[in-house]
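According to Swiss-Prot, the features are:
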- SER221, SER222, GLY223, THR224, THR225, LYS229, GLN359, GLY360, THR364, ASP445, ARG460, LYS551: ATP binding site (BINDING)
- PHE265, GLY337, GLN359, GLY360, THR364, LYS462, LYS466: (E)-4-coumaroyl-AMP binding site (BINDING)
- LYS286, GLY469: CoA binding site (BINDING)
- 288-359: region 'SBD1' (REGION)
- 360-424: region 'SBD2' (REGION)
Amino acid sequence: MAVKHGVDGDGSEIESRTLAVDRKSGFCESTSIFYSKREPMALPPNQFLDVTSFIASQPHRGKTVFVDAVTGRRLSFPELWLGVERVAGCLYALGVRKGNVVIILSPNSILFPIVSLSVMSLGAIITTANPINTSDEISKQIGDSRPVLAFTTCKLVSKLAAASNFNLPVVLMDDYHVPSQSYGDRVKLVGRLETMIETEPSESRVKQRVNQDDTAALLYSSGTTGTSKGVMLSHRNLIALVQAYRARFGLEQRTICTIPMCHIFGFGGFATGLIALGWTIVVLPKFDMAKLLSAVETHRSSYLSLVPPIVVAMVNGANEINSKYDLSSLHTVVAGGAPLSREVTEKFVENYPKVKILQGYGLTESTAIAASMFNKEETKRYGASGLLAPNVEGKIVDPDTGRVLGVNQTGELWIRSPTVMKGYFKNKEATASTIDSEGWLKTGDLCYIDGDGFVFVVDRLKELIKCNGYQVAPAELEALLLAHPEIADAAVIPIPDMKAGQYPMAYIVRKVGSNLSESEIMGFVAKQVSPYKKIRKVTFLASIPKNPSGKILRRELTKLTTSKL
């Protein structure tokens, strides 16, 4: 078995390592490392290369790249790249330079990738904000990333204004009427995206040299410590993601985009990776099951990228769906965000026998790449997330002792690959605790790798809650709860849900004399957070179990919850 990942030197060194690697599992006894069984992917040697130029240079025969599912507007590949070049010229004229941060607050749109690709082509950094986030949440992101410019829609400009505490220049992404209300000195409207797309650059801009190691995107994640941090993804990270997609998927396919482009799953696929493969991407502004299925039928989609709750919904509504929609063009569902159970997978295949489900596993910190399934045969390994992706190395580490483990032993998964992030933005301490000196990313997930090299995710060591594919940090919700005048103590844990995967649940200790109710607590939190962060269940306790150092014993609470389900 040829193993080339992370190996320097001549062929004899590679060969000597090859002899120590188990062909079935990919495990090397001498290094205690699992090596990918996939064919290694080639990465461009040119150090001075931005991801936009790399994507634009990829060979394919695709004609239409984006279709607006609502309006029917289509963008060809030449129109995409002309738009990217023109918007980049306008951004340069506005003073955007290499290293500057530009924020985009927008639902899915066929124009979203034009913005992100043009920003990255300048060597500037795109940061994405979720439209369903509250103004307070967006304000924290703005305060941390300090953008020099924002792109948003007319409907969201008021939310952006509420989130900004300085005169943030804004470019509007649509042509709807902007309310005449004043936004004070919080935002300054400086242009419209459609005008930029039609504008020839007025001056010959000096193109700054972009290094593959420069930061291209800043996506916010709860990380491994539970507080939101900016994940710095380099041009090299995104180029490696494109090559991983090329190894996994065919060229010139058709798909529907419903996953938010602000999320790594959507950004990596629909705003970067799949463009390089010549795919046609039909864009829905937000998820709607009927519109999704109708789009599959109308546009003859061959692939769908879905989060587990949507897969579950398709299983539960299979009879009606199959009688109402023609899904004969669909042959592959790519599932990510959380593992699918064997029961759900089997029922899906039973109801949609011509469709295979390819599961995958990744993090924002790994540019969404870690493990994946490539073909129908691999889908039969129920519960698995697939094999380690090309060029990915893995280690299983005992979280208590630090001892490196082997095949079929459960511990924290560490990975090393060209897709591992540069680090957390302006947070050296968090970066050092997440990536070690040898480049190993500590995923915070308890996993094991079986004798055939398949990765199984067992639990979340890092305690994050995954609700509808989004990360929810218990610490954030606990801080909110403890701010309530009638709450003495609080702990938040996940509660399993067939559709959402998990929901946040709170254990509450009321202050003496308080009669605070479950509904009052849920309402208190709901007013301050995004929908996926809402508390869905409350249980009252006399005290929260903690260890001597004061750390919440979440596993004890999980046991208590499980016993009551």
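Start at 1 and count along the chain as shown; that gives each residue its number.
Here the Cβ of each residue, glycine as well, is placed from N, Cα and C on the backbone.
Annotated features, which come from Swiss-Prot, shown on the structure.
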| residue | record | DSSP (3 states) |
| --- | --- | --- |
| SER221 | ATP binding site | strand |
| PHE265 | (E)-4-coumaroyl-AMP binding site | helix |
| LYS286 | CoA binding site | coil |
| GLY337 | (E)-4-coumaroyl-AMP binding site | coil |
| GLN359 | ATP binding site | strand |
| THR364 | ATP binding site | helix |
| ARG460 | ATP binding site | strand |
| LYS466 | (E)-4-coumaroyl-AMP binding site | strand |
Check your understanding: Taking the Cβ of GLY337 ((E)-4-coumaroyl-AMP binding site) as centre, how many other Cβ atoms lie within 10 Å?
Key -> 26
Check your understanding: Which whole-number value in Å describes the distance between the Cα atoms of THR364 (ATP binding site) and LYS286 (CoA binding site)?
Key -> 21
Review point. C-alpha of GLY360 ((E)-4-coumaroyl-AMP binding site) to C-alpha of ARG460 (ATP binding site): distance in Å?
Key: 16
Check your understanding: Among the binding-site residues LYS286, ARG460, LYS466, whose Cβ has the fewest other Cβ atoms within 10 Å?
Key -> LYS286
Check your understanding: Between GLY469 (CoA binding site) and GLY337 ((E)-4-coumaroyl-AMP binding site), how far is it from one CA atom to the other, in Å?
Key -> 5
Check your understanding: Can you count the other CB atoms that lie within 10 A of the CB of GLY469 (CoA binding site)?
Key -> 21
Exercise for review: Find, among the binding-site residues listed as SER221, GLN359, THR364, the one whose Cβ has the highest number of other Cβ atoms within 10 Å in the structure shown.
Suggested key: GLN359
Review point. Once near-sequence residues are set aside, which residues in the chain of PHE265 ((E)-4-coumaroyl-AMP binding site), 6 or more away, have Cβ atoms under 8 Å from its Cβ?
Key: ILE259, SER305, VAL307, GLY336, GLY337, ALA368, GLY469
